[in-house]
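*Asks:* Quick one: structure below, then a few questions.
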Amino acid sequence: MVARVGLLLRALQLLLWGHLDAQPAERGGQELRKEAEAFLEKYGYLNEQVPKAPTSTRFSDAIRAFQWVSQLPVSGVLDRATLRQMTRPRCGVTDTNSYAAWAERISDLFARHRTKMRRKKRFAKQGNKWYKQHLSYRLVNWPEHLPEPAVRGAVRAAFQLWSNVSALEFWEAPATGPADIRLTFFQGDHNDGLGNAFDGPGGALAHAFLPRRGEAHFDQDERWSLSRRRGRNLFVVLAHEIGHTLGLTHSPAPRALMAPYYKRLGRDALLSWDDVLAVQSLYGKPLGGSVAVQLPGKLFTDFETWDSYSPQGRRPETQGPKYCHSSFDAITVDRQQQLYIFKGSHFWEVAADGNVSEPRPLQERWVGLPPNIEAAAVSLNDGDFYFFKGGRCWRFRGPKPVWGLPQLCRAGGLPRHPDAALFFPPLRRLILFKGARYYVLARGGLQVEPYYPRSLQDWGGIPEEVSGALPRPDGSIIFFRDDRYWRLDQAKLQATTSGRWATELPWMGCWHANSGSALF
């Protein structure tokens, strides 16, 4: 089942390139239909009792139901928009227990009568709820590239979203002993049944079980993030799956946190009115008549800045710079081979021998530069610093801006929100990377050279969505993503080695200089 659903991604490429019409052609259409059937069976739109070759009517009805849930035009036809929706990242929990109740509830909302009674029926009729209001939880493991304190902060905040609007209270259980709810990261098949096997990046991000099993599982292969800038936002997915462990099913409201499909972290409240009604229907309003508190999403944009954790028995100076324990926003190197590593509103300078400065505010060196920059590079032609964020660019010569105001990069064809920037010595040009493409800039300006962008496949073995790139004195190019690096042979444009930069690259400043051993 997982492999068949995964083929939808490859089928979509054909569809978007125009090899398939709105209703798939006979040859491609039969294969697409089989993959769509597998998807619809997995998520409960085709009943298990239905024969493996459903009739056209049953298949069309299932497509209609899926289109309605997905806020698509309801046609019953496997068209481009429907197939594209099937490939979007989502929760792995089936929609089976939600569809009929959704239709009933929407009808009630339009009729505007008996609404409260109907809603309560929707959430309580399954009997899947906890019969106590104080619940314990445990974080069993977490992604290696994310700092443990930040992940624990995200978990705590995700539970607090639900306790703020209900009578529930949560506390973290000790490392030993029982816990009502357990949060665990797995890869692939993890003995939950073949239908629940994780499928790598994309597809099903996580799944959970209704009470009172108390389990939520997350795909270890996803590129999890605790910020709004890159990767899948772990906080949003945590909050969604915790909703399932409390007894909530998927919601049809497009703005609901409990909608089946992954939503990005916005600046507004994460819980919709539908989410709040759902949890209150099961557990009641906050105790003592207190008002339900809704926190805006902008408070949860970067959990690593919440980190006040300091392990006992370790001196602060031996813990290494903060970026060593997580990731960074951007990185570059100047003509003296001094590294500049950027994270949030601060930066570090790392000498060639690996000695690291204290973190310094960006505004102390580059006045007017905003926090959380997305890409940085130093031109080895003139030593100027280039910074990129969103659709804007900055150029500094020393501490002084070359341009009075930041420039709009899009005017020259540059991408918005670039992943990384690099001064490439053989071309003596700046290069920007975004997703699966790269852009070569004209010398001394912000114009993209003709015939660009090109595919990242030109850089053999380098992954998409890198977070930084820089040239090394030995002629190699180092690319970074999360906690890993790739070393590229400049002459062959081929990756030769890879590993973990914090423990394997001493010049990154994460090496304990006195002991000569890794910090971790």
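Just so you know, glycine gets a Cβ as well, placed from its N, Cα and C.
According to Swiss-Prot, the feature Zn(2+) binding site maps to CYS91, HIS240, HIS244, HIS250. Swiss-Prot lists CYS324-CYS510 with the feature disulfide bond. Summarising the annotation, Swiss-Prot assigns repeat 'Hemopexin 1' to 325-369. The repeat 'Hemopexin 2' annotation in Swiss-Prot covers 370-409. Taken from Swiss-Prot, the feature repeat 'Hemopexin 4' covers 464-510. The motif 'Cysteine switch' annotation in Swiss-Prot covers 89-96 and is backed by similarity to another entry. Taken from Swiss-Prot, the feature signal peptide covers 1-22.
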*Asks:* According to DSSP, collapsed to three classes, what secondary structure does CYS91 (Zn(2+) binding site) have?
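*Replies:* The three-state answer is strand.
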*Asks:* Please report the distance from the Cα of HIS250 (Zn(2+) binding site) to the Cα of CYS510 (disulfide bond), rounded to the nearest angstrom.
*Replies:* 44
*Asks:* Between the Cα atoms of HIS240 (Zn(2+) binding site) and CYS510 (disulfide bond), find the distance and write it as a whole number of Å.
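*Replies:* The Cα atom of HIS240 (Zn(2+) binding site) is 35 Å away from the Cα atom of CYS510 (disulfide bond).
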*Asks:* For the Zn(2+) site given as CYS91, HIS240, HIS244, HIS250, which other residues of the same chain have their Cβ within 8 Å of the site's Cβ centre?
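*Replies:* Result: VAL93, HIS207, ALA208, GLU241, GLY243, LEU248, THR249, MET258, PRO260.
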*Asks:* Measuring CB to CB from HIS244 (Zn(2+) binding site), give everything in the same chain under 8 Å that is also at least six residues away in sequence.
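*Replies:* HIS244 (Zn(2+) binding site) has long-range Cβ partners CYS91, VAL93, HIS207, ALA208, PHE209, LEU210, ALA216.
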*Asks:* In the same chain, which residue numbers or ranges, 6 or more beyond the ends of the repeat 'Hemopexin 1' (325-369), come under 8 angstroms Cβ to Cβ?
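*Replies:* Residues 145-147, 150, 229, 302, 304-305, 319, 375-378, 380, 383, 385, 387, 394, 396, 399, 401, 406, 420-421, 423, 467-471, 473, 480, 482-483, 502, 506-509, 511, 513.
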*Asks:* What is the three-state DSSP composition of the repeat 'Hemopexin 1' (325-369), stated as helix, strand and coil residue counts?
*Replies:* 5 helix, 17 strand, 23 coil
*Asks:* 10 Å Cβ neighbour count around CYS510 (disulfide bond)?
*Replies:* 23
*Asks:* Take the repeat 'Hemopexin 2' (370-409) and count its residues per DSSP category (helix H/G/I, strand E/B, coil), listing them in that order.
*Replies:* 1 helix, 19 strand, 20 coil
*Asks:* Let me know how many other Cβ atoms fall within 10 Å of the Cβ of HIS250 (Zn(2+) binding site).
*Replies:* 27
